[in-house]
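Listed features, source TrEMBL:
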type: DOMAIN; residues: B:93-282; note: domain 'ABC transmembrane type-1'
type: TRANSMEM; residues: B:34-56; note: transmembrane segment
type: TRANSMEM; residues: B:92-118; note: transmembrane segment
type: TRANSMEM; residues: B:130-152; note: transmembrane segment
type: TRANSMEM; residues: B:158-178; note: transmembrane segment
type: TRANSMEM; residues: B:203-226; note: transmembrane segment
type: TRANSMEM; residues: B:261-282; note: transmembrane segment
Amino acid sequence: MPQARLDRREHITGWAFIAPALILLGLFMIYPIVWSLWMSFQVGKGMNLSFGGLANIERLTKDAVFQRALGNTFIFFIVQVPIMIGLALLFAVALNDSTLRFRGLFRTAIFLPCVTSLIAYSTLFKSMFATNGVVKNALMTLHLTDGPIPWLTDPFWAKILIIIAITWRWTGYNMIFYLAALQNIDRSIYEAARIDGVPAWARFRYLTIPMLKPVILFTTVISTIGTLQLFDEVQNITQGGPSDATLTLSLYIYNLTFKFMPSFGYSATVSWVIVVLVGILSFIQFLIARDRRSA
Amino acid sequence: MTATPMTTTDAGAAASAQAGTRRSGNPFAMLRRALVYVLLSIAAFVSVFPFFWMIVGTTNTSADIIRGKASFGSAFFDNAATFFTQVDALRVFWNSAVIAIVGTVLTLAISSLAGYSFEMFRSKVRERIFALLLLLLSIPFAALMVPLFVMFAQAKLVNTYVAVILPTVASIFIIFYFRQATKAFPSELRDAAKIDGLKEWQIFLYVYLPVMRSTYAAATIIIFMANWNNYLWPLIVLQTAENKTITLIVSALTSAYTPDYGMILFGTVLATLPTLIIFFLLQRRFVEGMLGAVK
């Protein structure tokens with residue numbers, strides 16, 4: 001839409017209306033970001049900071065706990081995001097079939113977990129996955145296990161539990177984005193493909209996936225950011241344990257700042273690791289999406 | 001599944017022979033349909049079960065919950081009594097309500113004004129600022145929290161509502177959401193109002209706001225839920241028991257050495273109820289509101 005040139009009054013109004021938001025964002029977002037970048041080069045305890053050059057980055061390379069947290073965060077990211085996106089796509093495609101019965105019911109049910117707070121559902125999962133709890137009873141009734149699984153005390157199973165929990169909470173959320181995108185796709189394309197006898201999997205692979213690509217990219221980036229910031233669940237289900245098996249970068253930053261002897265400079269450095277990772281991963285995802293389009 | 005992609009004509013030739021039987025009576029199609037129902041039923045069950053678990057849990061003793069008892073018990077009033085003696089529920093709900101309601105109203109006012117202005121009064125500089133804001137959207141909160149905490153500590157505002165609310169008020173996501181929504185606002189309405197002699201702030205208040213009420217409704221739900229469920233930042237700045245929110249209290253009860261799950265699940269129901277009610281009252285708007293950002 002061609003916009004008429006703004007007169008002087010409108011120009012002033014334009015600034016006046018965004019001023020409150022800009023001032024607040026400057027104060028509570030841009031200033032802290034710049035400050036934390038500066039802080040990341042500072043060393044010392046509490047507020048007694050002095051410039052340390054690259055000392056904090058050197059500390060990162062020697063810090064086994066940090067590397068543990070980085071590794072855990074990556075495992076959560078690499079295992080959980082594809083599973084969740086895949087399930088969300090599957091459910092969305094299944095629910096997009098207008099001849100399906102109980103669509104509304106299924107959709108509401110699968111979306112319902114998004115309504116819970118991260119804390120509420122963490123509590124629920126912690127109690128459900130207690131050593132002899134309801135999940136163990138269910139698995140044993142189905143003859144899937146012989147005895148209790150040490151969900152909260154074994155490093156491997158604790159990671160699996162966190163992955164199950166996040167997938168439960170966020171799959172429906174992603175599904176809604178795909179459902180909306182699918183509803184925007186022209187039905188006649190599918191109808192034509194079906195009449196031509198294109199099998200269902202090929203329709204999915206060569207029609208649905210390419211047309212959903214922008215939304216898949218969007219949700220993948222959002223999920224990446226979310227996973228790299230993972231905090232509430234690990235803090236409330238496992239407290240990062242057992243023996244740091246579910247410690248994430250955000251939880252480590254929190255511990256560095258508010259639990260151990262406060263080390264503001266170093267925790268700022270760790271937080272910038274997340275910023276850099278989000279940037280790199282989003283960039284890679286954009287590249288992949290663009291490559292596939294030109295291919 | 002073959003690795004080499006079929007071309008459309010290949011697939012068409014292969015499948016056209018059975019195209020006539022595809023619609024009905026085909027055992028494969030029926031099997032697939034049955035599989036879809038089984039899959040969706042499992043997904044729906046898994047999604048809803050924790051809610052059932054939460055409600056059943058409020059009627060059971062902690063020992064029964066840990067043992068995985070999934071049927072109603074008789075400990076409901078005991079659990080409620082324990083919760084109300086251990087938690088100053090009125091105070092805690094008051095804290096949550098003030099933070100969520102004041103935060104929501106301020107965020108709506110400031111962020112919608114900015115979103116409206118970015119779309120309505122376009123200029124080169126403001127477009128650049130908007131692009132910068134979108135870039136900041138991917139900055140994780142972990143990178144801000146250390147400087148933010150130091151800022152509020154220096155301003156002696158730690159442990160106040162102000163400290164919890166203020167950093168969330170200018171939300172880039174909500175600004176973006178309102179800008180997208182404003183694209184659908186008919187600019188003729190503004191022109192007509194100007195001819196009638198209304199000032200810009202009057203146009204916003206008396207023309208834009210009523211016209212966009214469904215956008216506001218959706219944004220209200222999103223912001224309210226985010227504020228009500230917010231965890232990490234309140235955990236950092238709210239330090240004394242009498243200022244904590246229900247979310248923080250549930251989390252604190254869960255991390256006790258031997259958590260009393262009956263009482264905790266009672267608290268979890270209370271903490272989830274407001275968002276659950278809002279969700280069911282405004283389900284359609286909620287889903288639309290979440291999708292507003294990608295349309």
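Glycine residues also receive a Cβ, built from the backbone N, Cα and C atoms like all the rest.
A TrEMBL annotation is a machine prediction, not a hand-curated record.
Contact between the transmembrane segment (B:158-178) and the transmembrane segment (B:92-118) is supported: at least 3 Cβ pairs lie under 8 Å, counting only residues 6 or more apart in sequence. Tertiary proximity for the transmembrane segment (B:34-56) is limited to same-chain residues at least six positions away from its ends with a CB under 8 Å from its CB atoms, namely 69-73, 265, 268-269, 272. Tertiary neighbourhood of the transmembrane segment (B:130-152): same-chain residues 118, 158, 163, 167, 172-173, 175-176, 179, 232-233, 236-237, selected by CB-CB distance under 8 Å and a gap of 6+ residues from either end. A Cβ distance under 8 Å defines the sequence-distant neighbours of the transmembrane segment (B:261-282), meaning residues of its chain 6+ beyond its ends; these are 54-55, 57-58, 60-62, 64-66, 75-76, 78-80, 82-83, 86-87, 89, 93, 217, 221, 224-225, 228-229, 246-247, 249-250, 253-254.
If one looks beyond the transmembrane segment (B:92-118) by at least 6 residues along the same chain, the residues whose Cβ comes under 8 Å of a Cβ in the stretch are 126, 130, 161, 164-165, 168-171, 174-182, 185, 204, 208, 212, 216, 219-220, 223-224, 227-228, 230, 234, 238, 243-247, 249, 270.
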